[in-house]
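Listed in TrEMBL:
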- 1-29: signal peptide (SIGNAL)
- 115-132: transmembrane segment (TRANSMEM)
- 144-164: transmembrane segment (TRANSMEM)
- 176-197: transmembrane segment (TRANSMEM)
- 204-224: transmembrane segment (TRANSMEM)
- 230-249: transmembrane segment (TRANSMEM)
- 261-281: transmembrane segment (TRANSMEM)
- 301-319: transmembrane segment (TRANSMEM)
Amino acid sequence: MALPRCTSVRLPALAAAVLLLSSATTVRSSQGDKEPVYRDCVKQCVRTNCTGTRLRGFQLAQPQYMALTGWTCRDDCRYQCMWTTVGLYQAEGYRVPQFHGKWPFARFLCFEEPASALASLLNGLACLLMMLRYRSTVPRQSPMYHTINAFSLVSLNAWFWSTVFHTRDTYLTEKMDYFCATAVILYSIYLCCVRTLGLRRPGVSSIVGVLLILAFTSHVSYLTFVSFDYGYNMAANATIGMVNLLWWLCWCWQNRRTLPYWWKCGLVVLLLHGLALLELLDFPPLLWVLDAHAVWHLSTVPVHFLFYSFLIDDSLYLLNTEKMGVKVE
């Protein structure tokens, strides 16, 4: 049987370079799920296995963890038919296609994308560990203490939903992954604003904070109630990501002669945005588990340690300068 040669789905270079946590899925219909053999397979499987006594048998045999994570008989049909279609593509010598905007992954227990789920979990654990270290090292009197704690909680929330999304891709988990990723980037801008302007002019950071909340509310409202436009979402994240990048780098450059730890901040910002270029590799999963998105998430785990090292150094510096009555840079 002759199958049409498929093309891969790739992220725009700018978007990939500036997105911090956003999901890699940008298209929900792909070559694989458009194939008649796949569609017919799913229809036949659902008709045969997902009604009457066959459905009850499926539900009785299904492991509890699969039921708790929302796997249905229809989902299982789509999973099995996906591999049937992949086998036909490989037999004909064609490149492995994507299905519903993502590569085919070998399911492990209830995890749809095991490597990405594990990588997201590791990022969350690294963030949690460094947040606890920050709290134990920096006194609460430090001017940035509460702002950084809030940033840590926003980040933890984002990595939680990233883990959930890569465990089980549903309408809700996808939206939460996207929205929480946007929240992290916006809060990073607020963090930068407080550090660069807010300590001397609290009113400025308050105004910026209100504007960022309004921007986030408008963004989520549009995607939820008007249209979940993947292109718009990527463009919006690219824009705020670039603002975040340039603002932090400008602060680093201005303080390179006065703050000996400035390079940590600059390196973190460049690494986070540079490592996102790994998304452009966009290769079929190695061993049906490890794809470019998982590699990207794994590569960001060590960055948390460097970033919090900068935050600890800077918070202690601010505390000391405040005690001595020195002007904050």
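Every residue gets a Cβ built from N, Cα and C, even glycine.
Heads up, TrEMBL stuff is auto-annotated, nobody curated it.
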Winner by Cβ pairs under 8 Å against the transmembrane segment (115-132), considering only 144-164, 230-249, 301-319: 144-164
The transmembrane segment (301-319) vs the transmembrane segment (144-164): 3 or more CB pairs under 8 Å: yes
Top Cβ-contact partner of the transmembrane segment (204-224) among 144-164, 176-197, 230-249 (pairs under 8 Å): 176-197
